[in-house]
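Copied from TrEMBL, the annotated features are:
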- A:299-319: region 'Disordered' (REGION)
- A:Cys351, A:Cys411, A:Cys414: [4Fe-4S] cluster binding site (BINDING)
Amino acid sequence: MTTGKTLYDKHIDSHTVCQLDDDGHVLLYIDRQVLNEYTSPQAFSGLREKQRKVWRPSTSLAVVDHVNPTAPNRIALINDPGGARQVSYFGENCHDFGIELFDVLDKRQGIEHVVAPEQGFILPGMVIAAGDSHTTTYGALGAFGFGIGTSEIEHLLATQTLVYKRLNTMRVTVEGTLARGMSSKDIIMALIRRIGASGATGYAIEFAGPGIGALSVEARMTICNMAVEAGARGAFMAPDDKVYDYLKGRERAPSGELREQALARWQDLKSDEDAVFDMDLVLDSSDLAPMVTWGTSPDQAASISDTVPGPESYDTPSQRRDVERALYYMGLTPGTPLTDIRISHAFIGSCTNARIEDLRAAADMVGDRKVAEHVRAIIVPGSTAVRDQAEAEGLADIFIRAGFEWRQSGCSMCLAMNDDVLEPGDRCASSTNRNFEGRQGAGARTHLMSPVMVAAAAIKGHLTDIREMTEEA
Amino acid sequence: MEPFISVTGTAAPMLAANIDTDVIMPKQFLKGIDRQGLDRGLFHGLRFQEDGTPDPSFILNQPAWQGSRFLVVGPNFGCGSSREHAVWGLQQLGIRALIGTTFAGIFYDNCQRNGVLTIKLDPERHQQLADVISNPERNQITVDLEQQIIALENADAVPFQVDTLKRDALMRGLDAIGTTLERQAQIMAFEQRHLAQNPWLK
Ligand code: SF4
């Protein structure tokens, strides 16, 4: 008996150059890759040492995003010598190997996972690998994207392929529609809490169901982006008309006759009716409350109306130890209502939530209100194009008037590899994807949440249930 | 890449769950364009105190576990950022194998590409091994990739399994790119067909 194929199988089958063994290893052809300045240098050095060429330079796009400053007045100069060296070596590599680069001052610069879709560089049916774990973002366009390390970048540049082992498949069917003020970030955070930070390790997740269909393409990107925080090595969604509309007119997306041809072929990009998944889950999005993290792992999350949990609510001694350590690091006492947690910083940025729709939603929440006096609130748009658009739409004015810093694009405080770093003990409401110890600065404490929730926290000065804010307004 | 056949040495327990690559290699060590000096960065926040001296409470600083060649790690070790610097650091500090229950995907592949063996055991066996090596008197083990066993002193050997392809590459210390490039003609033929079918991918 033959069963149908999942969307994942279709991607892998159509990109398999040859099978390598009976354990599921294949040589996988990669359509595109995105390069950044901090995970690529040693890959290029490897090529240079062995005098190897880049197989097909036109399949790569290079973006400076991790180490560049985001000060409001942008200059090419980077003060930090390590970062400066990475950026200049990156430029040299792109030049010598014939790869297109969006440098710091380029109008198209931004966070790689925001820039690549924006440019129409990512298309349905593609397989994409890149030296950054959030490459899963591209699944929202019906592509299969996954993160790789530097040795693999070198392998990919030299051969256009990777030695790849097939994953198991998981389907997450999202039922229901989100209540007002809720966002796709709450869906993915609820899923991570439910299955755990390694709940999807070894899996590619396909998100399906009416709850996904109802979301915009950008909102879907947030979900695929953060799926890696549950351990998924790929996350995607079948493309639909929203995706095709999104691609229309973008710089590198096909147009005219070629688009028609592509559209015809993309119709097949969905799991067959009788496809069998290794795991099948259902998540109802209509009864979700806004999510926030209280700990140091993305699965240490709760609804905003809850209290900080104690170790005793966990089953195993090792879990209880992990929770104790997280609470100690976060400086939190069990039983504290989450809405009582006072913040010192608010950050809206990152490849998870700094697209134009995120900024629109946040600006809507801000309205004429002001940032609380004791809070330093920062907005770092996902790309320079997003920044320009937000200025054109008047969103920047709303933020600036409210007391937010309005900065240039980059990864910034998402991982604090540039000069946007928190101090020990700072507590930040953040629209990013990782709340690890030290992620935003040594000793700094991160609470993950949606951008609207960050905006609300910035205004109130503490974690806040936006459902109450909307009623007040 | 240094081949891995059979290695004997100390194994240290690091059993917390979800030890991420930000913890394994903090960001201040990611500013290089080469792979040098990452041994210093490894577990930096845990290994060193604020004044730069070793933190005596950290397992690898304790006399019984100094110079460990193996780490017995908790679930989902290596989650988070794709930074291969984490593995280069482990390698530079002399760690040859990691023994856990689950590893994060990118990290797992990065280990393979650098000759660091990753062994997955079922939770029960893993716990037994962790109990043994947490005893300073019994923390010497031999990891034999050829026979796929972990040999312990005064206890039964623990069998494990690694995919043949990976095992072969590790034991021979193969250059993966060179191996793939032997299939150059095949890749080119595939590429031609693929681009003809999907001309918008050109
Ligand atoms: S914004 Fe954050 S998560 Fe995204 S690529 Fe940059 S550092 Fe990584």
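The backbone N, Cα and C atoms fix where each Cβ goes, and this holds for glycine too.
Where the annotation comes from TrEMBL, it is an automatic prediction and has not been curated.
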For this session: Using the centroid of the Cβ atoms of A:Cys351, A:Cys411, A:Cys414 as reference, list every other same-chain residue with Cβ within 8 Å of it (recorded [4Fe-4S] cluster site), in sequence order.
Result: A:Asp65, A:His66, A:Ile111, A:His113, A:His134, A:Gly349, A:Ser350, A:Thr352, A:Ala354, A:Gly410, A:Ser412, A:Leu415, A:Thr432, A:Asn433
For this session: May I ask for the residues of the chain that lie six or more residues beyond the region 'Disordered' (A:299-319) and have a Cβ under 8 Å from a Cβ within it?
Result: 189-190, 192-193, 195-197, 199, 229-230, 288-293, 326-327, 332-339, 341, 435, 448-449, 453, 463-466
Seminar exercise, completed: Grouping DSSP H, G, I as helix and E, B as strand, the residues of the region 'Disordered' (A:299-319) number 6 helix, 4 strand, 11 coil
Problem set entry | A:Cys414 ([4Fe-4S] cluster binding site) - helix vs strand vs coil (DSSP) | helix
For this session: Restricting to the same chain and to sequence separations of six or more, state which residues have a Cβ under 8 Å from that of A:Cys411 ([4Fe-4S] cluster binding site).
Result: A:Asp65, A:His66, A:Ile111, A:Gly349, A:Ser350, A:Cys351, A:Met417, A:Asn418
For this session: Measure the Cβ-based neighbour count of A:Cys414 ([4Fe-4S] cluster binding site), defined as the other Cβ atoms within 10 Å of its Cβ.
Result: 28
